[in-house]
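Okay, structure first, notes after.
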Amino acid sequence: MTRMLIVGPPGSGKGTQAEWISDRLGIVAISTGDIFRANVKGETPLGLEAKKYMDAGDYVPDSVTNKMVRDRLQQEDVQHGFLLDGYPRTSAQVNELDDILSAGGEKLDVVLQLTADDEELVRRLLGRAKESGRSDDDEKVIRHRLNLYHTQTEAVVVRYQKLGLLAKVDGIGAIDEVTDRIMAAIDGVRAAK
């Protein structure tokens, strides 16, 4: 069983790579962003609350996010492993995830960090906004999201690095090239254990 996280700044390719890697490893990819967007589209109470934060480029509060992740990780399809994208983003969420996993006698195996230059990420996200019409992808909001990543989520990365779980991977390049780099990085972390 493989339990993994994929982290990285907005636009670094986490969602795309999560799908490719989960297919290769035969595990389920879980995206908190997809779950939030589905709730927003369905106008659920969670979705309406989340939308306010998402439109401003802010993180959805831990109280909402933690409950959603806990519920998702208790579903049947994660029993063979998972690749979680978009969570945890804060130290408090790391603690919550540790609690969720340890309650089931589990722990993380690998944390993948996709890296990319901020200016490249802004270009990618502005292009995505034009293609998809996402309201949370204008340049001001994009730069705010990048700043949030650097100030909050990078502390999460440091924590996992200290635990020997982190594999840093350059997220720039063709999808299959990045996927190959990720698979090699996963093998490297597993071999070091």
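Just so you know, glycine gets a Cβ as well, placed from its N, Cα and C.
Annotation source Swiss-Prot lists ATP binding site at Gly11, Ser12, Gly13, Lys14, Gly15, Thr16, Arg128, Gly173. Annotation source Swiss-Prot lists region 'NMP' at 31-60, citing sequence analysis. Look at Swiss-Prot and you will find Thr32, Arg37, Asp58, Tyr59, Val60, Gly86, Tyr87, Pro88, Arg89, Gln93, Arg134, Arg145 tagged as AMP binding site. Residues annotated as region 'LID' in Swiss-Prot, with sequence analysis given as evidence: 127-137.
With respect to Thr16 (ATP binding site), the closest of these binding-site residues in Cα terms is Tyr87, chosen from Asp58, Val60, Tyr87, Arg89. Our reading of the ATP binding annotation (Gly11, Ser12, Gly13, Lys14, Gly15, Thr16, Arg128, Gly173) yields a largest Cα to Cα distance of 16 angstrom. Applying DSSP to the region 'NMP' (31-60) sorts its residues as follows: 22 helix, 1 strand, 7 coil.
The Cβ neighbour count for Thr16 (ATP binding site), using a 10 Å radius and every protein chain shown, is 15. Between the CA atoms of Asp58 (AMP binding site) and Gly15 (ATP binding site) there is a gap of 18 Å. Of all the binding-site residues in the record (Ser12, Lys14, Gly173), the one with the smallest CA separation from Thr32 (AMP binding site) is Lys14.
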